[in-house]
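The domain 'Glycerol-3-phosphate dehydrogenase NAD-dependent N-terminal' annotation in TrEMBL covers 6-154. Annotation comment: TrEMBL describes 10, 11, 12, 13, 14, 15, 136, 251, 274 as NAD(+) binding site. What TrEMBL lists as NADPH binding site is 14, 34, 51, 104, 136, 251, 275, 277. For 104, 251, 252, the entry in TrEMBL reads substrate binding site. The active site, proton acceptor feature in TrEMBL is assigned to 187.
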């Protein structure tokens, strides 16, 4: 199968960055956006200033409001919008095509992973999951970035990774789609928590302890879902967890900092902050952990904070008072 052309659904920062990466890898890229002015800007000025400022886009990136057939489909919309975005596409575009899912989140209501949503909406699509430590600005600017690309067929996944690999964008192939998806979704929850710890001024030691225990909790969730805990030692696990939990570039970390300073979710949104993916994923992850009978106190604590049932000081005190145990 040819892997020369790429269709990216979603003209935000991440979709545009992935379009840029694919173009730098030698692909011809069509970026699907929602308004005519954005189409005109990308096609004439080769910028997407609303999302990526003055970053110049590769000449091989063009924009359109219409989705057209391509060898590779990349879905780059927020996790809670994936089902609607897929439903708006002609099913023939997705049939028997590799569809790369780049959103990191679990769906509210269904508890579905992104690949489960895809296969529900387009059973004949071939799902792949892209995840790892990667900020849109870095990818778009051509700064060195490594990610994980997970699919079910090892040879096909390696071929797709090679098609998307460029001088500054390096995908590593994996066969653990479940592990990569769960890691990508949960790291946003833990980034909220780390931001909250820093916002509350609890110190670097507390944040480091939180990251380590988050890793253990994530491993329990991945194994319960049928994924491999070994996946978490790589880019989609440890790599993305450490980046998102320690960088002020992370929207989830920023949102968590505001929570740690005493603001409510409503107050943070009213201040103009964009809603972070982890806010929607946290209650879903909590419900999923309970349904699997997985001990996930950090997820539960973050859910309590987001729902207004507890503050950072209360949940930290509760976590510190848990019975002592052997480290897992």
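Just so you know, glycine gets a Cβ as well, placed from its N, Cα and C.
In TrEMBL, annotation is done automatically, which means it is predicted and not curated.
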Residue 104 (NADPH binding site): nearby recorded positions from 12, 187, 252, Cα cut-off 10 Å:
187
The number of other Cβ atoms within 10 Å of the Cβ of residue 10 (NAD(+) binding site), counted over all protein chains shown, is 24
DSSP composition of the domain 'Glycerol-3-phosphate dehydrogenase NAD-dependent N-terminal' (6-154), residue counts helix/strand/coil, works out to 52 helix, 33 strand, 64 coil
Candidates 10, 14, 252, 274 (binding-site residues) passing the 10 Å Cα cutoff around residue 51 (NADPH binding site) are 14
Across all chains shown, how many C-beta atoms besides its own are within 10 angstroms of the C-beta of residue 136 (NAD(+) binding site)?
20
12, 14, 104, 274, 275: which of these binding-site residues has the highest Cβ count within 10 Å of its own Cβ?
104
For residue 277 (NADPH binding site) and residue 12 (NAD(+) binding site), the CA-to-CA distance in whole Å is 14
